[in-house]
Amino acid sequence: MSDFKERIASELLAVRSRSLTYTEAEDDLLVRQHSPLMSPLVWDLAHVGNYEELWVLREAGGLTPLRPEIDDIYDAFKTPRKDRPSLPILGPAEARRYIEGVRGRVLDVLDAVDFDDPAPLRRDGFVFGLVIQHEHQHDETMLATLQLSKEPGLVRDGRLPPARPGGPAEVYVPAGPFLMGTDTQPWAYDNERPAHRVDLPAYWIDRLPVGNGAYAAFIEDGGYHDPRWWTGEGWEWRQRQGVFAPLFWTKDGGAWHRTRFGRTEPVPMDEPVQHVSWYEADAYARWAGRRLPTEAEWEKACGWDAGAGRARKYPWGDHEPTLELANLGHRAARPAPLGAYPAGAGPYGTEQMIGDVWEWTGTWFDGYPGFRSFPYREYSEVFFGRDHRVLRGGSWAADPAAIRTTFRNWDHPIRRQIFTGFRCARDAEPA
Ligand code: AVJ
Ligand code: FE
């Protein structure tokens, strides 16, 4: 096998070992639905195998279906999350057997496929990138489900670099055009394409994500009780849901605590805030006299190298993340403290844009000019419009294989159980 194929094989192995780790729990925990917003873990597990069968074995490999009768159950569009527990889904042992059977054949297809084949699923191994990233995305979802299950099982305490206090609060991004999106990243999704010129006025953007300490000041200042800071929809949501703090926060003896993966601890004030909805992020920004960055502002600050006239794959350049550059891949079950990654700074001096927390932007999820759906409308296109806000950068739970400057995630503005925070921006004063 070529080096590239070896690399793909090892990425396939790595993501599968994570999926299996996340589903090591007892059967009862795997088949239970922990929230109507989430699937039972065992559904995610068989779904990633079914997706792999559909795209690699059938579409790219031309093989006949292994178990066509289960396709509908694992089609996210045919079965809404709330219905998944009542379906005849495969049990844990059967699900593991099924995905293993698929995987064996996937490695045969990998061995045989020609990456110079002009068929877009096969060229540059696109279909393998598709399934590897897909499984990573479901792994992150499974981790959020596990957190809701209150099982302490999956807390990891890997060492993260320390906080680095001080430094400027915001960085300046001068006016000028940049190239948004990509035509050249071979595994980029349809929604990241095509690359297109966007001309932005000058703006300021936070050097770091908003921290728990700053967010607690918003709470203490009565931010959750003052409709001035909220959009009409956001205020209605806040009242209806009775929300007064980020998800998992409680006030205990006058101090904020958070309960995650079954463990309660004082809220670390120097960590990026997470588990806030778009509405909360937006309200905080207004309270602070700022606003959320647009998606374009976020991307330009993240990776646009104006001197070189090109976008970097990551803020620091094109080389893969290391322990000193970003907090990705679930090394510890938390964002790193603020300022922990000076070496991971972007071209304008922003830090921690990649990893730690997904960052809400002010932009609705939509197609770029010239968007063409590939390989299927249900990956991106059906979500375009005014239902989902764009999230950028990836969280501590995201894997490097599924993260880059141009990667776009999206979710409903009410979503809080995902690993989401934000940073603020503002227009630069007119010269
Ligand atoms: C890109 C994270 C919004 O997990 O809902 C998973 C990706 N698409 N299966 C999701 C996805 C099909 C999606 N997000
Ligand atoms: Fe999926």
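Note: Cβ is positioned from N, Cα and C throughout, glycine not excepted.
Listed in TrEMBL:
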- His47, His134, His138: Fe cation binding site (BINDING)
- Arg81, Lys82, Asp83, Arg84, Asp411, Arg415: gamma-L-glutamyl-L-cysteine binding site (BINDING)
- 16-142: domain 'DinB-like' (DOMAIN)
- 168-426: domain 'Sulfatase-modifying factor enzyme-like' (DOMAIN)
Listed binding-site residues (His47, Lys82, Arg84, His134), ranked by Cβ neighbours within 10 Å, top entry: His47
The one of Asp83, Asp411 whose CB sees the fewest other CB atoms within 10 Å, among these binding-site residues: Asp83
C-beta crowding around Arg415 (gamma-L-glutamyl-L-cysteine binding site), within 10 angstroms: 21
For Asp411 (gamma-L-glutamyl-L-cysteine binding site), the three-state class that DSSP assigns: strand
Alpha-carbon spacing, Arg81 (gamma-L-glutamyl-L-cysteine binding site) to His47 (Fe cation binding site), which is rounded to whole Å: 12
Sparsest-packed of the listed binding-site residues (Arg81, His138) - C-beta count within 10 angstroms: Arg81
Counts by DSSP class (helix H/G/I, strand E/B, coil) across the domain 'DinB-like' (16-142): 85 helix, 0 strand, 42 coil
Integer average pLDDT (0 to 100) for the domain 'DinB-like' (16-142): 94
Pairwise CA distance, Arg415 (gamma-L-glutamyl-L-cysteine binding site) versus His138 (Fe cation binding site), rounded so that it is a whole Å: 16
For His134 (Fe cation binding site), the one of Lys82, Asp83, Arg84, Asp411 that lies nearest, given that the binding-site residues are compared by Cα: Asp411
Remaining residues near the recorded Fe cation site, that is with C-beta within 8 Å of the centroid of the site residues His47, His134, His138: Asp44, Val48, Tyr51, Glu135, Gln137, Thr141
